[in-house]
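Report on the following structure.
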Amino acid sequence: MMGVSAPARRTLSRATTATDPTPIEVARHSTTQKTTDRPTIRPGDRRVRSHRSARSQGEPVKTHSPQEHRGLLMKPTQAAAVPAQASAVQTDPPSSEAEDHSWERLLVIPETIPAPLRQMITLLDPDLQMVVLAALNSPNGVQLTIANAKGGVMKTTLAVYTALMLALTGEQVLLVDADDTNRTCLKWNRLAGQAWPRNVMVVGWADDALRTRIDNARANHRHIIVDVGPSDTSLIKQAWLATGHGIVPTQQYPGDVVQLPTTFELLRELTEPVKLQVLLSRAFPARKSFTNAVNHISGQGYPLLKGHVPHLEYIAEEWGALPAEFTHFAEVVAEILGVPRHEIDRRMKRAA
């Protein structure tokens with residue numbers, strides 16, 4: 001299977017041929033699919049893990065099946081102040097993480113979920129577990145646009161990884177490729193082949209009806225992730241209005257950071273509130289340019305996520321295949337979903 005590593009194929013083979021009498025159904029496109037044809041996971045299977053826990057135990061990192069990944073998204077409970085000119089940005093009232101515990105409801109296992117899924121959640125590494133629980137507790141599911149008026153900022157990778165984590169909920173996920181120039185999400189989907197989770201549908205919508213298409217898709221998809229290219233700002237605005245929440249990835253270098261106003265200026269043309277957050281991607285946190293970027297973005301009043309995605313070679317190498325690791329991405333998505341950074345750090349430290 002082109003684009004899927006040998007370890008991934010072996011893991012998928014074990015997952016899809018499991019004969020456990022109480023399998024967890026993970027990925028499906030149609031509710032009419034026969035149970036015997038669905039990929040399954042045995043309860044107690046510990047393969048779903050982040051690379052951090054494996055490396056902390058001196059183990060080699062193993063590639064995981066996308067059928068073993070379930071995650072979600074929710075409106076963040078906090079956001080930094082937004083520039084005055086970006087009047088359409090929706091912000092939350094300031095609060096203290098130490099005093100506000102409303103986020104705790106995000107990390108409770110819902111009573112309505114079936115026992116096999118409940119057991120699987122308890123076996124997840126803490127970063128993926130936080131994503132899954134926050135998603136399951138999201139009343140409206142995950143609605144997220146990933147876009148920047150500047151290209152080359154890891155937006156497609158973030159969109160694909162988020163969609164694959166959302167697959168772990170067992171609910172229907174729609175990944176919208178709204179980049180008519182590159183169609184990278186669609187290409188990734190084709191390269192992954194049969195390994196791609198069947199409950200993650202990928203479509204190519206890059207026309208004037210984008211918002212209407214997304215609105216109509218909610219009838220069959222609880223979670224919707226939109227990847228928009230940088231060249232068509234009208235599509236960016238449509239996607240923002242459809243999801244109400246956007247992530248703006250950027251690299252830490254001055255040439256990237258100074259482009260942020262171009263993206264945020266688009267908010268002036270909107271009549272409905274949209275929540276935007278900036279994510280530092282492909283980051284080198286030990287470099288001075290990272291600190292300078294954090295200070296500049298925060299100083300300009302743009303809402304900046306506390307987490308970041310570092311520059312790691314394996315991320316680029318896994319393009320078109322199933323991700324072997326979700327740490328960094330899972331931590332960022334958990335923060336996007338409303339889990340405060342101090343709680344993310346506490347749980348990851350405890351698990352190390």
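Glycine is treated like the rest: Cβ placed from N, Cα and C.
Taken from TrEMBL, the feature region 'Disordered' covers 1-101.
Per TrEMBL, the feature compositional bias 'Low complexity' maps to 1-19 (among others).
Under the heading compositional bias 'Basic and acidic residues', TrEMBL lists 35-47 (among others).
The compositional bias 'Basic and acidic residues' annotation in TrEMBL covers 61-71 (among others).
TrEMBL lists 76-91 (among others) with the feature compositional bias 'Low complexity'.
The domain 'AAA' annotation in TrEMBL covers 145-181. Long-range contacts of the domain 'AAA' (145-181) within the same chain: residues 24-27, 48, 66-73, 117, 124, 128, 131-132, 135-136, 188-189, 197, 199-206, 210, 213-214, 217, 220-233, 235-236, 239-240, 242-243, 245-251, 256, 259, 262-263, 266, 279, 281-282, 309, 315, 319, 322-323, 326, 329-330, 332-333, each at least 6 residues beyond the stretch ends and with a Cβ under 8 Å from a Cβ of the stretch.
Residue counts for the domain 'AAA' (145-181) under DSSP, helix first, then strand, then coil, are 15 helix, 8 strand, 14 coil. Model confidence over the domain 'AAA' (145-181) stands at 93, taken as the mean pLDDT rounded to a whole number.
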